[in-house]
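To start, the structure itself, in structure tokens.
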Amino acid sequence: MQVTRIIPDVPSFLASMMTFDTWSILFMVVQSLVIFLVVVIVAAMMIIYERRMLALWQDRYGPNRVGPFGSLQLVADMLKIFFKEDWTPNFTDKFMFTLAPAVAMFTALASFAIIPISPTLGVADWDIGILFFFAMAGIAVYAVLFGGWASANKFSLLGGLRSAAQTISYEVFLGLSLMGVVALTGSFNLRAIVEAQADGWYIIPQFFGFLTFVVAGVAVTHRHPFDQPEAEQELAEGYHVEYSGMKFGMFFIGEYVNVVLISALMTCLFFGGWLAPFNLDIPFIPPAFWFMIKTLFFMTMFVLARGSLMRPRYDQVMNFGWKVCLPVTLINLLVTAAVILIFSPTL
């Protein structure tokens with residue numbers, strides 16, 4: 001009697017499932033996970049890089065006790081924050097209190113999906129890339145609002161309100177500052193914007209847009225000197241004063257991920273992304289090298305700003321945005337549009 005085999009051979013079944021499209025999707029997922037992991041590692045390493053650079057500029061040693069020349073300080077910090085008590089106060093809204101750091105971390109990492117590291121390396125190649133970035137930035141505002149309100153602490157609430165007002169205001173200037181680049185390129189796709197700079201980086205025709213983008217980028221990431229939402233002297237660390245353990249770590253790493261993100265956007269929008277300077281053609285240097293060098297330069301500028309600039313008052317920050325940044329971005333956009341109409345009337 002012959003028995004009909006109903007269950008197929010498992011290896012052959014899996015092999016039949018692994019079509020070309022399946023392998024493509026699997027490769028894309030693995031590549032995305034690797035890129036996100038590298039971004040988190042770079043953001044964590046920037047913490048130590050910042051501490052060592054600030055120590056160098058201030059004529060002191062910095063962290064140098066854990067490992068040779070302090071090389072294992074990052075590992076020690078990660079272990080310390082991982083094993084700290086993840087304490088939630090009784091008077092908080094526990095759901096919102098837990099959701100806030102997760103939203104902050106998720107939006108920061110998700111925004112990296114649009115960043116083209118090289119012609120072939122990146123998570124997604126979307127025509128709405130810049131719009132996706134602003135969508136994630138808009139959602140990120142809720143993270144600090146949730147954290148400030150759910151903590152049931154007056155310092156947290158004031159820090160959350162400050163952060164929301166500052167972020168929403170400077171996101172307007174951030175968007176207007178790069179509209180000149182979008183007008184020159186005719187695309188919201190970052191890969192197309194980088195490729196359009198093959199004949200010249202946009203830092204020259206969009207210099208004032210770049211300056212406004214730098215200021216707005218620092219304000220949106222809540223970095224010094226625009227760190228009023230976390231002002232230690234006034235608000236005792238602001239909206240995350242009640243956080244500890246990994247929840248605080250997610251807020252902390254999320255801030256540095258945003259610094260890397262804004263630095264990468266500056267590289268792509270104004271400095272040619274992965275393109276070599278002066279159209280140099282050096283075969284043994286991959287395009288991703290130029291992208292990383294430019295991004296590291298802007299990350300260093302964030303550190304330099306922290307070590308050299310004083311923190312203005314909150315009202316001065318808001319006045320500077322609406323009375324200086326907004327007019328500059330609007331004038332830059334109008335001049336860019338006029339130049340395009342005069343020299344390219346068919347567009």
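Numbering starts at 1 and runs along the chain as displayed.
Just so it is clear, glycine is given a Cβ too, placed from its N, Cα and C backbone atoms.
Copied over from Swiss-Prot:
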{"type": "TRANSMEM", "residues": "25-45", "note": "transmembrane segment"}
{"type": "TRANSMEM", "residues": "95-115", "note": "transmembrane segment"}
{"type": "TRANSMEM", "residues": "128-148", "note": "transmembrane segment"}
{"type": "TRANSMEM", "residues": "168-188", "note": "transmembrane segment"}
{"type": "TRANSMEM", "residues": "200-220", "note": "transmembrane segment"}
{"type": "TRANSMEM", "residues": "251-271", "note": "transmembrane segment"}
{"type": "TRANSMEM", "residues": "284-304", "note": "transmembrane segment"}
{"type": "TRANSMEM", "residues": "324-344", "note": "transmembrane segment"}
With pairs closer than 6 in sequence left out, are the transmembrane segment (324-344) and the transmembrane segment (168-188) joined by 3 or more CB pairs under 8 Å?
-> yes
Sort out the residues at least 6 away from either end of the transmembrane segment (95-115), same chain, that have Cβ-Cβ distances under 8 Å to it, and list them.
-> 32, 35-36, 39-40, 88, 122-124, 126, 129-130, 132-133, 136-137, 139-140, 142-144, 146-147, 149-151, 190, 240, 242-243, 247-248, 250-251, 253-254, 257-258, 261, 264-265, 268
Considering only the recorded stretches 25-45, 128-148, 200-220, 251-271, 284-304, state which has the highest number of Cβ pairs under 8 Å to the transmembrane segment (324-344).
-> 200-220
Might you confirm whether the transmembrane segment (200-220) is in contact with the transmembrane segment (25-45), defined here as three or more C-beta pairs under 8 A between residues 6 or more apart in sequence?
-> no
Chain residues in Cβ proximity to the transmembrane segment (284-304) (below 8 Å; excluding those fewer than six residues from its ends, i.e. six or more beyond) | 46, 49-50, 53-54, 57, 117-119, 121, 214, 218, 221, 223, 259-260, 262-264, 266-267, 271-277
Near the transmembrane segment (251-271) in space but 6 or more residues beyond its ends, with Cβ under 8 Å, are 39-40, 42-44, 46-47, 81, 100-101, 104-105, 107-109, 111-112, 115-116, 133, 143, 147, 178, 181, 190, 193-194, 201-203, 206, 209-210, 213-214, 217-218, 220-223, 240, 243, 291, 294-299, 302
Take the transmembrane segment (128-148) and find every residue of the same chain, 6 or more past its ends, with a Cβ under 8 Å from one of its Cβ atoms.
-> 96-97, 99-101, 103-104, 107-108, 110-111, 113-114, 156-161, 163-164, 167-168, 171, 174-175, 178, 182, 188-191, 220, 229, 238-240, 243, 251, 254, 265
